[in-house]
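What follows is one structure encoded as C-alpha cells, with my remarks underneath.
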Amino acid sequence: MYSESSTIAAISTSMSEAGIGIVRMSGEESFEIADRIYRGKRNKKLSEQKSHTIHYGYIEEDGETIDEVLVMLMRGPHTFTGEDTVEINCHGGVYVPRRVLEACLRGGARPAQPGEFTKRAFLNGKLDLSQAEAVIDVIQSRNDYALKSSVSQLKGSVKRKVEEIRSKILYHTAFIESALDDPEHISIDGYGQTLERDVEELLDEIQRLLDSADDGRIMKEGVQTVIVGKPNAGKSSVLNMLLGEERAIVTDIAGTTRDILQEHMNLHGISLNIVDTAGIRKTDDKVEKIGVDRALSQAREADLIIYVVDSSLPLDENDRKIFRFIAGKKSIILLNKSDLARRTGDEEIRQMCREQGMEEPPVLSVSAKEEEGIEELEQAVKEMFYHGDISFNSEVYITNARQKHALESARQSLEKVLESIHMDMPEDFYSIDLMDAYESLGTITGETVGEDLVNEIFSKFCMGK
Ligand code: GDP
C-alpha cells in the first residue's frame, strides 16, 4: 500500500499538443524535490521562497536542461490538497510534461494514483465527499446547466443541505437518549408528536432532493433522446438537420439505417444525446429485425422520443404500432417533408391519438430537406424539460446516483420512525432508525464511509486530479 504521506506527482493537463502542460506535486517533500530538479537565477532555492509565488527557471536532469518553466509554490494548508504543493508549468505536448514528471519521480516523488490529489483534499478535510464528487462533474460537464449545478455542489450546496438535515436528526436522537438515561429530569411524554412533525418536514426535504435527481441527471448527462419512425420517414435527415452536418447515412432505400447511431448535441444549454434508429416496420429480414428490436428497446429507456412521420404519405398499420408504443412517454411528433404535398396532418394525428386513447403530444411541421422547423423543435424540448424556462435557479440538485441512493435509504429509515410513532412503540425504536438515517446521509458527505468506498470513488477520477 502506498503511504498517504509520501509526495505524489502527476501530469494534470491533457497529453496533447497544447501550449502549456502542468506537472503537479503534493506532499511534505514537494519543495525539496523541486529544488533538486530546478535551476533558477543565482542558484535560488525554492524551499526558501515565500508561499504562493511563481518562479521562472529550468528543469534539469544530469546537467541537461529539459525545459524552460514557471514553478508555482504553495505551502499547505492553503492549497487544494491541504499539503505543500508545487505546480510546474512547462511546455505542453506529449513528451515534455512526461520528462518533467520523470524528473520529479527521480527527485523523490511517486506517481499519483487517479484522483489522489482530490482524495488527499478530502482526507485533509478541505472538501467533503459531495464536493469531491463535484470536482469530477465539473471536469466532465458538457453544458451550462451541468457546469452550474456542479460548481454549486463544489461550493458546498449539497453538503450544507445534508448537514442541516443531519443536525436536526442528531438533535432528536440526543434528546431521546438523554431522556432515556435520565427519566427523572427529562420528560419524554408527548415527544412522539413533536418528533412526528419534524420527521415529516425532514421527509419533505429529502423528497425535494430526490425529486431534483431526475432533472439533475438530465442536466448532467443530457436528455436521452431516441428518434423513431418508419423507414424513409426522414429520421436520419432530421438528425442531420439537428446536428447541422451529414453524419447519419441518408438514402432513399427503405431500411438502410440498420444500426444505432448515438450523437451528442447542445441545444441552448440543454444536452441531447440522440440515438437514430432503424426504421420501425414489420419485417422478415433478420438483420433489419434486430435493428427494429434494438430501436424499440432504446426507445423504452429514453427520456424523449422524437417520432418522425412522413407527412407526404397517409398513416398506416406500422404507424399505429408506433403510436401504441409511444403512448404515455414524453414524445414529440414531427410531420416531416412539409415541403411536399400533405397526406397526413394534425387532424390525422389527433384521430390516431383518440383511437389509441392517448394524450396528444406536441406535433410540429418540419422539413429536414429545407431545414425548417428547428427552432420550434428546440422550444418544444425546452418546454418539456425545463418548463420553457432555461434559467438555472439556485436550488440544490442531486446529480449523483450514489447520493440519490443514500437519500433513499435515509427516507426509508425516517418512514420507519413515523411507523414506530404511529404504533406507539417505545422511544428507543425511534432512535435506532433516526441513527440509521443519520448514517445514510453521512455517506453523502463522507463522514460515515469506509476506506473501501472512498478508494472506489476516487479511483474513477482522472489522472492528475
Ligand atoms: P430514414 O430512413 O427515416 O432515416 O430516412 P432518411 O433520412 O434516410 O430519408 C429518406 C428519404 O427522404 C431521403 O431520400 C431523404 O432525402 C428524403 N427526405 C428526408 N427528409 C425530407 C424532407 O423534409 N423533404 C423531402 N422532400 N424529402 C426528405
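Just so it is clear, glycine is given a Cβ too, placed from its N, Cα and C backbone atoms.
As recorded in TrEMBL, the features of this protein are as follows:
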BINDING   Arg24, Glu87, Lys126, Lys465  (6S)-5-formyl-5,6,7,8-tetrahydrofolate binding site
DOMAIN    222-386  domain 'TrmE-type G'
BINDING   Asn232, Thr251, Ile253, Thr256  K(+) binding site
BINDING   232-237, 251-257, 276-279  GTP binding site
BINDING   Ser236, Thr257  Mg(2+) binding site
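For the binding site of (6S)-5-formyl-5,6,7,8-tetrahydrofolate, formed by Arg24, Glu87, Lys126, Lys465 according to the record, the largest Cα to Cα distance is 19 Å, rounded to a whole number. Rounded to a whole number, the C-alpha distance linking Arg24 ((6S)-5-formyl-5,6,7,8-tetrahydrofolate binding site) with Ser236 (Mg(2+) binding site) is 46 angstrom. Taking each of the binding-site residues Lys235, Lys465 in turn and counting other Cβ atoms within 10 Å of its Cβ gives the largest count for Lys235. Of all the binding-site residues listed here (Asn232, Lys235, Ser236), Ser236 has the Cα closest to the Cα of Glu87 ((6S)-5-formyl-5,6,7,8-tetrahydrofolate binding site). Across the structure, Lys126 ((6S)-5-formyl-5,6,7,8-tetrahydrofolate binding site) and Ser236 (Mg(2+) binding site) are spaced 49 Å apart at their Cα atoms. Of all the binding-site residues listed (Asn232, Ser236), Ser236 sits in the most crowded Cβ setting, with the most other Cβ atoms within 10 Å. For ligand 1, the nearby binding-site residues are Lys235; that is, of Arg24, Glu87, Lys235, these have a C-beta under 6 Å from one of its atoms. The separation of Lys465 ((6S)-5-formyl-5,6,7,8-tetrahydrofolate binding site) from Lys235 (GTP binding site), Cα to Cα, is 41 Å.
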